[in-house]
Amino acid sequence: MKKNICMIGPNINLNGGIATVIKQYMNLDIRNKYNLIAVSSYGNRRIKEFIKGIYKYKKFLSEGKVDLVHIHTASRGSFYRKSLFIDITPKNIPIVLHIHGGGFIEFYDKSSFFMKTRIKKIIERTSKIIVLSERFKMDFINRFDLEKDKICTIYNGINVNKRSINLNNKKLQILYMGKLSESKGIYDLLKIIPNIYSRYPKVKFIIAGNGEIDRVKHIVRATNIEKCTHIVGWIDGKVKDKYLYESSILVMPSHFEAFGISIIEAMEYGLAIVANEVGGIPDIINHDVNGKLVQKGNLTQLQKALEKYIKDENLTKKIGLINSKMVKKFDINNNITQIQQIYEELIV
């Protein structure tokens, strides 16, 4: 008889990293071994969806339909919501806490004494913690005095397909994929685009993502970079495939990043990567091997790294080819195997 796994996180129909990960789990081979039940803690209706999620979860608990709960969380509001699900989970049901987002340690450090105590109690209540990089794993062990067997690293992954990528078809095009917000570094990028465009007038920038679109459009107009900068909004499916296929460089200037699934997606399509050296990104990018890492907020470094690839097409192709091979390490099927091992370990 299959055991029941309750997945708690944002509505899987939303855009965003956590929803994408949950959707992957719901659609893969893990379903052959377990009954996966999705409970939404957040959606377009916000409070209404949260209350509905709590009610649905309590109903599953009362009917004995939960053998293990796998909770996907980030920090701040996301963590506050998920902590209430943990509060109502009986002691005999194991909890897997899957930490997404790159700002959790900072969130903890800046919290009040009361909130720090609350976070620690939630951490203690969980049976297993999953983080997205080795760096975060060590940070959690040190900050919360965890036993090493209570926490593990599982990288985010993608369905790696055997794509036929012709690197000669790439354009001189730099792709940004992510939320348009301060923490994702979009405004750092916009500051250096005029300098790059003045030196390399054939370069194009594709800005893909949701968030502060009006503010970004205003800056693009005000700095006269409309000819080289195209704001395309949130992309997925064939539209995303198109931009990944034709772009030669991915830029990720995030200030916080637990992992960076966009990097893996770009690797599959043979893009060279320029990213800030934050969070779990160094677990993916080895500087000057399969991309370039720059110091957070150092706009000079960011510009130089991008220009290195812009002016050296052969180097960009070489790095792209390396990435198209290295991406196999991040196949989602590897993650599923690790997840199943955790479930088997915890469910009696």
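Just so you know, glycine gets a Cβ as well, placed from its N, Cα and C.
Feature annotation from TrEMBL assigns domain 'Glycosyltransferase subfamily 4-like N-terminal' to 30-131. Feature annotation from TrEMBL assigns domain 'Glycosyl transferase family 1' to 161-320.
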- DSSP puts the residues of the domain 'Glycosyltransferase subfamily 4-like N-terminal' (30-131) at 50 helix, 24 strand, 28 coil
- In this predicted model, what is the average pLDDT of the domain 'Glycosyl transferase family 1' (161-320)? 96
